[in-house]
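Here's what TrEMBL has on this protein:
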{"type": "DOMAIN", "residues": "1-376", "note": "domain 'Major facilitator superfamily (MFS) profile'"}
{"type": "TRANSMEM", "residues": "20-38", "note": "transmembrane segment"}
{"type": "TRANSMEM", "residues": "50-72", "note": "transmembrane segment"}
{"type": "TRANSMEM", "residues": "84-108", "note": "transmembrane segment"}
{"type": "TRANSMEM", "residues": "120-142", "note": "transmembrane segment"}
{"type": "TRANSMEM", "residues": "148-170", "note": "transmembrane segment"}
{"type": "TRANSMEM", "residues": "198-220", "note": "transmembrane segment"}
{"type": "TRANSMEM", "residues": "232-257", "note": "transmembrane segment"}
{"type": "TRANSMEM", "residues": "264-280", "note": "transmembrane segment"}
{"type": "TRANSMEM", "residues": "286-302", "note": "transmembrane segment"}
{"type": "TRANSMEM", "residues": "323-348", "note": "transmembrane segment"}
{"type": "TRANSMEM", "residues": "354-373", "note": "transmembrane segment"}
Amino acid sequence: MLFVVLPLLARDLNAGEMYVGLIFAGSAALYMFFSPFWGWRSDRIGRRPVLLLGILGIGGSLLAMGLVSAWIGRGMANAGTALILLALSRAIYGTIGSSLAPVTQAYIADRTSRAERTRLLALLAAGAGLGTALGPPLAAWLSHGFGVANALFMLVAVSALLFAIVAIALPEHQMPAARTVSGRAMIQLALHHKMRSLLVIGTFSWMAQGVFLQTLLFFVSDRLQMLTAQALPIAGIILAAGAMGALFVQFILIPLWRPNPRQLMRLGAFCAALGALLMIFTSNTWMIGTAFVLASSGFGLIRPGMASAASLRVAEHEQGVGAGLVGATAGAGFMLAPFTGLALYQFVGPNATYGLLAIVLAVMFVLSLAQPLDREI
């Protein structure tokens, strides 16, 4: 949701696109470092306590950002101070909320056989992708109807409800491991050939998705020549259409097709690259929507491919660490986004941004062709 909320707040503060990107980059850097740590920690103390901590981190981040947004909405906020407070609020997510993704993936891996894991991790990734896809349009509509601060406070209430459900109803199915991975072994695992290329694909795919999400509102406003407030409902509709594309591939195409991880990454990179290329030639809402849906569908395929491949490539006592390393690619990718696509957008133009993304995703497609099949690992 913050991919819509932060650009709105930045425009209210008369801050450029790069400031939005830097806030995301700082949080992403923390996410990149802490995600493997929380995965490793869950191998030692169990999944459930780390999962609850992650939910608290997300709720705390949203609450802090809601309070800052309310202050900005009163029109008395100093731009520099407000941007720093927004960055600190987002940093809570990067530090503590980063535990959620790797621990949920490891929780599923604890309860499944290798034969079941690809399908179930694909569904888990689909659920996460659904949240990523539905969050921005929901934020656009809630912010437009109730204001940014109230929209964030609504999400705090949802986080509190989720915490209560997990605390009451979710059992711990995996006792802390007697044998865990050391910090040095974690680095060796990341550099091993079975994970190295996968982490490269993850990092640059997340970078591309981050640029898409962080620039869409600006792109709609600039390409259709309208004010940001006028572009917000249109961007919300396009984001919702992208969510439908991700929903289709994750909940319908993947269960019917039952592809292996390499096929998911290969088709996903191809669709995302084509979507980025088409963005260059858009001139109206329909064309922007079509390109964005194509790219969103591609990212919706890459994510479960990465999650299932990583889980199948590590031992049982490495599940938390493996999930954390894959989770770290999201942080690395979003950290790169403002220094690549967003910088090009602000200082060169949107066509340069999406041209770069098309090239990067084409390279990811080539790398996905070289990925081993599960039985070859």
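Every residue gets a Cβ built from N, Cα and C, even glycine.
Keep in mind that TrEMBL annotations are predicted by a computer and have not been checked by a curator.
Taking Cβ pairs closer than 8 Å, the transmembrane segment (264-280) reaches residues 122, 201, 205, 208-209, 212, 219, 254, 287-288, 290-306, 308-309, 350-351, 354-355, 357-358, 361-362, 364-365, 367-369, 371 in its own chain, all 6 or more past its ends. Within the chain, the transmembrane segment (50-72) has long-range Cβ neighbours (under 8 A, six or more residues past its boundaries) at 2, 5, 9, 12-13, 38, 41-42, 82, 85-86, 88-93, 95-100, 103-104, 107, 148-150, 152-153, 155-156, 159-160, 162-163, 166-167, 170. For the domain 'Major facilitator superfamily (MFS) profile' (1-376), the mean pLDDT of the prediction comes to 84. The transmembrane segment (84-108) and the transmembrane segment (20-38) are in contact, since at least 3 Cβ pairs between them lie under 8 Å (pairs 6 or more apart in sequence). Here the transmembrane segment (198-220) has Cβ contacts under 8 Å with residues 3-4, 7-8, 17, 20-21, 24, 28, 136, 190, 226, 228, 231-232, 234-235, 238-239, 265, 268-269, 272, 276, 279, 285, 288, 292, 295-296, 299, 302, 306, 309-310, 313, 325-326, 328-330, 332-334, 336-338, 340-342, 345, 350, 353, 357, 360-361, 363-364, 367-368, 371 of the same chain, all six or more residues outside its ends. Sequence-distant neighbours of the transmembrane segment (148-170) (same chain, 6+ residues past either end, Cβ-Cβ under 8 Å): 1, 5, 8-9, 48, 51-52, 55-56, 58-59, 62-63, 65-67, 69-70, 72-73, 139, 142. Counting same-chain residues at least six beyond the ends of the transmembrane segment (286-302), those with a Cβ under 8 angstroms from any Cβ of the stretch are 126, 129, 133, 201-202, 205, 208-209, 212, 216, 219-220, 223, 237-239, 241-250, 254, 264-265, 267-276, 278-279, 361, 364. Counting residues 6+ beyond its ends, the transmembrane segment (323-348) has Cβ neighbours under 8 Å at 16-18, 20-22, 24-25, 27-33, 35-40, 94, 98, 101-103, 105-106, 109, 186, 189-190, 195, 198-199, 202-211, 214-215, 218-219, 306-307, 310-311, 356-357 in the same chain.
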